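Scroll down for the structure; my scribbles are underneath it.
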Amino acid sequence: MNKKVILMILDGWGKSPDPKVSAIDNANIPFINSLYKNYPSAQLRTDGLNVGLPEGQMGNSEVGHMNLGAGRIVYQDLAKINLAVQNKTLSQEKALKEAFQYAKENNKPIHFLGLLSDGGVHSHTSHLRGLLDAAQNFGLKKTFIHAFTDGRDVDPKSAIATIENLNKYIHNTPAKLASVIGRYYAMDRDKRWERIKLAYDLLVNGKGKPSQDAVLSISNSYQNNITDEFIEPIIMTDDNNNPIATIQEDDVVIFFNFRTDRGRELTEALSQQDFHEQNMHKLNLYYVTLTNYDETYKNVKVIYNKDNITQTLGEVLEKAGKKQIRIAETEKYPHVTFFFSGGREQPFLGESRILKNSPKVATYDLQPEMSAYELTEALIPEIEKTEADFICLNFANGDMVGHTGIMSAAIKACQAVNKCVEKVITAALAHNYTTIVIADHGNCETMINPDGTPNTAHTTNPVPIILVDKELKTIHDGVLGDIAPTILDLMGIKKPEVMTRNSLL
């Protein structure tokens with residue numbers, strides 16, 4: 001075969017066992033529904049060991065796109081770090097040992113900051129517990145936790161239980177909770193520096209609502225309809241109303257998020273550069289991150305560096321002299337480029353990139369179509385030119401609107417995607433492209449929890465794969481790692497040996 005291929009990723013578009021709670025099943029999406037009737041389809045697993053995550057763990061976009069491009073199961077930091085915590089080998093990691101040594105010799109406090117969540121998407125509470133144990137065993141007396149509440153990868157009101165568990169865990173240890181803030185502020189990834197500033201001012205200047213009881217403060221927030229993701233800065237204080245701890249020059253900071261994208265902006269403000277407009281000045285810190293947030297950072301120590309993934313689909317296409325396009329809106333642009341290329345930033349030879357800005361709205365339920373129409377308009381002329389041999393396209397709507405937990409908005413998102421899919425596939429068929437329609441993980445097919453509350457998290461449901469081709473009549477079930485071998489099979493290119501997964505044709 002020598003086909004041109006479009007990989008169309010409907011982000012967050014899973015297969016629900018219960019149509020009642022599914023935005024997809026409740027949406028009017030005649031074109032996507034017709035694809036199942038007219039073309040071969042099967043399903044893919046995107047969770048747990050199928051994508052190199054711990055068993056039972058829901059997939060996410062970063063992991064999903066990495067497996068898609070790699071053509072193999074990529075064992076994720078989460079699985080690696082979990083093992084280190086279980087086997088109590090975390091304290092043997094060089095970067096961590098050296099940070100503890102520095103704190104001890106210079107009598108400096110250690111500030112652990114990160115997402116306090118069992119979601120396992122950006123972080124995991126077990127990793128924080130492992131780090132706290134390691135610090136205590138090292139004999140460190142001044143350890144502080146700056147917790148970012150989740151409510152997005154887990155339920156919107158789960159922070160109270162998570163903080164209660166943390167308080168029990170650190171009772172009778174030297175560790176103390178120093179501050180609390182929602183991830184909406186501390187973990188922005190869209191250059192909304194005014195959000196990061198709230199987190200910076202809390203951590204560095206102790207600016208926040210004073211509290212001696214974080215659980216009480218959070219339940220007050222709930223009464224004002226502010227859920228975990230949006231918790232406003234809370235500074236924990238002692239009996240004299242002084243902050244328990246703020247981050248000072250020469251302190252040790254350990255950022256325990258293992259996923260890289262949402263740790264970058266706060267790290268930049270604390271350690272890399274001054275933001276004069278926001279009055280944020282970098283501090284001279286002993287700064288450690290659990291994984292490598294950015295190769296270009298100066299003076300940031302990394303506990304777990306990434307294994308380089310080579311011979312990804314992009315690289316194989318480059319070697320075969322093929323032209324490829326990666327296209328997405330801002331929210332998923334790193335996924336179709338950096339993650340799909342196995343953690344490589346620069347484009348391959350013959351790779352062009354099309355980025356459309358995601359709309360500047362507070363939350364995407366306010367504009368559920370996001371930038372899907374703009375992406376479609378930009379892509380159609382490229383399909384008509386037929387110069388590209390491979391196109392990787394991501395529609396973000398199912399995931400990003402799914403995260404809001406608002407069913408009516410998610411239905412609108414699905415309907416917008418349906419219109420765009422119709423335009424792209426119509427053009428693809430007219431110009432002899434084969435389109436593989438898949439998702440990277442589930443989300444908008446489960447908008448409501450069994451107890452009736454909104455579900456904002458990803459799911460472990462399987463996702464569809466539809467093979468839109470004029471001749472081929474079968475496609476098999478598989479995992480995300482099978483997609484690159486399938487694409488190479490369609491294009492008539494031999495897959496490299498390191499691509500250990502299989503074509504689904």
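For all residues, glycine too, the Cβ spot is worked out from N, Cα and C.
Database features, via Swiss-Prot:
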- Ser61: active site, phosphoserine intermediate (ACT_SITE)
- Asp11, Ser61, Asp440, His441: Mn(2+) 2 binding site (BINDING)
- His122, Arg152, Asp153, Arg183, Arg189, Arg259, Thr260, Asp261, Arg262, Lys332: substrate binding site (BINDING)
- Asp399, His403, His458: Mn(2+) 1 binding site (BINDING)
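Here the binding-site residues are Arg262, His403, His458, and the one ringed by the most other CB atoms within 10 angstroms is His458. Neighbours of the Mn(2+) 2 site: apart from Asp11, Ser61, Asp440, His441, residues of the same chain with C-beta atoms within 8 angstroms of the site's C-beta centroid are Ile9, Gly12, Thr46, Gly59, Asn60, Gly64, His65, Lys332, His335, Asp399, Ala439, Asn443, His458. A simple way to gauge crowding: the CB of Asp440 (Mn(2+) 2 binding site) has 35 other CB atoms within 10 angstroms, across all the protein chains here.
For the binding-site residues Asp11, Asp153, Asp399, the greatest number of Cβ atoms within 10 Å around a candidate Cβ is found at Asp399.
Ranked by Cα separation from His403 (Mn(2+) 1 binding site), the recorded positions Ser61, Asp153, Arg189, Asp440 are led by Asp153. One way to see the shell of the Mn(2+) 1 site is to take the Cβ centroid of Asp399, His403, His458; the remaining same-chain residues with a Cβ within 8 Å of it are Asp11, Gly12, Asn60, Ser61, Arg152, Gly398, Met400, Gly402, His441, Asn443, Cys444, Thr456, Ala457. Every protein chain shown contributes to the tally, and the Cβ of His122 (substrate binding site) ends up with 25 other Cβ atoms within 10 Å. Working note on the binding-site residues Arg189, His441: by count of other C-beta atoms within 10 Å of each C-beta, His441 ranks first.
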